[in-house]
Amino acid sequence: MDISKIDLKADEKAVTKSIFKATYEMWMDNLEVDVVIVGGGPSGLTAGRYLADAGVKVLILERHLSFGGGTWGGGMGCPYITVQSPADEILSEVGIKLEEGEDGLFVADSVEVPAKLGTGAIDAGAKVLTGIVVEDVILKEGKVSGVVINSYAINKAGLHIDPLTINAKYVIDATGHDASVACTLARKNEDLGLVIPGEKSLWADEGENGLLKYTKELFPGLFVCGMASNATHGGYRMGAVFGGMYISGKIVADMILEKLKNE
């Protein structure tokens, strides 16, 4: 590259027009999808990759401007997380390097993990949107049939601006400890009889195995995975061990693939 011959062109109108056009086309292509995953954390990204890799049209919505959830900070700011077998296989599939830790654990870089999980989901065909908050669901004829969305910046500013919607065959609540989608459904529709107990304190073994047990279809059309599954069933938290989160993402993907196959 001969830098002396470079003359960069950037017409202001062309920049704006290009962005608006691409944004319009993107939304037109994603207003109706097979699966909406709310939350781009460990389990959400894992589920998105497996679903997209199987040819499912997947949209992952993350309210923050970066995906990965709490993985980036590792354990108390130390730049590593731990996983157990067989979750190490899920990370290895996207080229994440693992080192042996204590008592059968594997150690992974807390920046490399979300970066490669995210690009893995995108490369598989999932669409990831950041800065979008899901504030409600579409509830029609006793089934969750999509999500109600808004800009997270608008939401944080407290502005009264009406939301828009995305239709989906299935919605996954992968919002972590808050289980915000499930909680909103229960709070706004008391007649459904949904009770969300919230998560318990930390017990790593029980928390990890709870993720596998509680990953399920919580309500017709609404699945829970990752910490949202424990929060909706009164399970324990587990700290900076993530194996159950990744396996939970694969479990929910397999459940939905089976549903789609039988439609």
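From the backbone N, Cα and C atoms, a Cβ is placed for every residue, glycine too.
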* To do: Taking Swiss-Prot at its word that Ser43, Glu62, Arg63, Gly70, Val134, His160, Ile161, Asp162, Ser180 bind NAD(+), choose the one of Met227, Met238, Met255 listed for that site.
  => Met227
* Using His177 (Fe cation binding site) as the reference point, find which of the binding-site residues Ser43, Val134, Ile161 has the shortest Cα-to-Cα distance to it. => Ser43
* Structure fact -> Simplified DSSP label at Ser180 (NAD(+) binding site) comes out helix
* Since the record lists Val134, Ile161 as binding-site residues, which of them has the fewest other Cβ atoms within 10 Å of its Cβ? -> Ile161
* What residues, ordered by sequence, lie under 8 A Cβ-to-Cβ from Ser43 (NAD(+) binding site) and sit at least six positions away in the same chain? -> Ala174, Leu211, Cys225, Gly226, Met227, Ala228, Met245, Tyr246, Ser248, Gly249, Val252
* **Entry from the binding-site residues list Arg63, Arg237 having the most other CB atoms no farther than 10 A** => Arg63
